[in-house]
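Now, the feature entries from TrEMBL:
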DOMAIN    32-182  domain 'Casparian strip membrane protein'
REGION    1-20  region 'Disordered'
TRANSMEM  38-57  transmembrane segment
TRANSMEM  69-94  transmembrane segment
TRANSMEM  100-116  transmembrane segment
TRANSMEM  128-154  transmembrane segment
TRANSMEM  174-195  transmembrane segment
Amino acid sequence: MSGPAVHPVEVPPPTTDAVPPTVRMKDVQGMAGTTGAFFLRLCQFVFAAVSLCVMATTSDFPSVTAFRLSFTCCHFTVFLFCFEIRVLSCYLVAAVGLQSLWSLSLALADIYALLVRRSFRSTGVVSLFAIGDGITSTLTFAAACASAGITVLIGNDLDKCNLNHCTRFMSATAMAFLSWFAVSPSFLLNFWSLASR
């Protein structure tokens, strides 16, 4: 009786021009194109839109003098102070307006990425997101800090809250800070994703 014969199969030698497979980075929640990023963008948009709406619906905001002050000081000092307050309140409205538009557009991009089950891995797209997040977060933070300083000045130092809408301005400032808190992780994760390439 004879047994079956086993013939060993030789492994072909490796070719030198073969490219090794690349390892893709794991998607961290919060990076562009993930559900975490969509949630952060939604929070950014909601907080910025609420801040914008609170500032815009104040009864004296359309007349541009956002904080009414009545001093018996030098008129020039009062004019400069009112001008500074006017500029800072308009700066807050412009900053949170830009933040809400930016966040809404990136939330729509995240929805698209989630629907087609793809994440943003292109260096150009991720760098655009990181730069845009950095600019809008800096503007929102600066506007919120400036507005917080003015509301503290009017409310605590000058004690003129009965003539102004201090609670509305404080809530708009708080919403701007919350929008900045939501945009900071987006910026850091997009910047980290860009730097780790």
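Keep in mind that glycine also has a Cβ here, set from the backbone N, Cα and C atoms.
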Counting only residues 6+ away from its ends, which parts of the chain sit with a Cβ under 8 Å from the transmembrane segment (174-195)?
25, 28, 30-32, 37, 40-41, 43-44, 47-48, 50-51, 54, 92, 95-96, 99, 103, 123, 126-127, 129-130, 133-134, 136-137, 140-141, 143-144, 147-148
Who are the chain neighbours of the transmembrane segment (128-154) in space, where the CB to CB distance is under 8 Å and they lie at least 6 residues beyond its ends?
32, 48, 67, 69, 84-85, 88-89, 91-92, 94-96, 98-99, 102-103, 106, 120, 160-161, 164, 166, 169-170, 172-173, 176-177, 179-180, 183-184, 186-187, 190-191, 193-194
